[in-house]
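Feature annotations, courtesy of TrEMBL:
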ACT_SITE  354  active site, nucleophile
BINDING   254, 301  S-adenosyl-L-methionine binding site
DOMAIN    140-417  domain 'SAM-dependent MTase RsmB/NOP-type'
Ligand SMILES: C[S@@+](CC[C@H](N)C(=O)[O-])C[C@H]1O[C@@H](n2cnc3c(N)ncnc32)[C@H](O)[C@@H]1O
């Protein structure tokens, strides 16, 4: 059955607002659906897919929408919608529109100019080409422009991966084990999970495999003192708490009260009682000082450009300004330095981002090592071997969608050297006493 012609007008209306980039696309879209509650499930699905298609393919679509007659926004919407549901499912199109859409969608994109083919703003394309070369940039762009699969993490304090896979199959929801993360399941459809007893009872959480790997490399153990410094709504906190088998103490810090509030219901479902959410004012808050030198492991999942999540949030590449990267670097370095004070000798500090920009990753890691001689880098190959995760990496974790089918993630692990300074002072004092 064809979709009603009015659906194009709805999609065009919300697209116009989203392309102002005043707010995240998913926020604008949810608000639009709330305001237009008469739209049915199929219509909503088609509008959402249309919007995400336009955000993913904006450069390519725009090249063709700006030429010829008719309004550009209508043409952009038409391309996004036809790409999503097929032109034959759309009612109310003129013959000219049908043949125009069919022609454009048949174009071989490999023949397009590289920057337009990548569907990235020029500043980002140029930066990435400088960083990784043109071929790799285009492969990354293709990976980032493909929708992400749905990954689940099994809550190890409540269930095993096999149990959950069997229960999902009864639903019936087909899943396969994720290739690298030991507790991950990749679901092959997009079912509504919220109503499943497995979800309500905290046996599963939705978490990209990359984020699961990142939580695993923290290496948190039973009985340890651990800090998730930028916990947000707790995606990684929950994974860390389960790895610690609900023992020890896990502090979930964040400056955002709103984000920490979102952690609370997830914590209740998870059954974890070792997590202590703490709102901090900034990375030098007195609450942090009290724990200085006492912590075994600290994860800094730093605020970043978020470019690694483009599969889910394709608007980020259009909303992000190159000038913001410099500001983020200052923040990232300050948070990492603040968090470093927490570690005891032999303790580990993990710096992570969901970005693939060297400026936010290697640059910050190297700068940290230069300014913190009491820390040394633990090669990622060693960290992954400790966790028995079979991924080939050098010094750092660099997950990329076109290589690992995960969101883009970076991580570096630093270990604090034994605290010799205090011992020397003590020795000197003892010598003076003698
Ligand atoms: C990438 S997000 C964290 C995502 C979270 N770890 C997860 O897995 O869902 C970065 C977080 O850093 C927080 N943040 C920003 N500045 C901070 C600071 N100075 N100290 C601690 N957290 C901060 C933000 O509020 C945001 O929640």
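Heads up, the Cβ atoms here are built off N, Cα and C, so glycines get one too.
Taking the features listed in TrEMBL, we show where each one sits on the structure.
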{"residue": "254", "record": "S-adenosyl-L-methionine binding site", "Cβ neighbours (10 Å)": "22"}
{"residue": "301", "record": "S-adenosyl-L-methionine binding site", "Cβ neighbours (10 Å)": "26"}
{"residue": "354", "record": "active site, nucleophile", "Cβ neighbours (10 Å)": "25"}
Expressed in Å to no decimal places, the gap between the Cα atoms of the residue listed as 'active site, nucleophile' and residue 301 (S-adenosyl-L-methionine binding site) is 8
Once DSSP output is merged into helix, strand and coil, the residue listed as 'active site, nucleophile' belongs to coil
What is the average pLDDT across the domain 'SAM-dependent MTase RsmB/NOP-type' (140-417)? 97
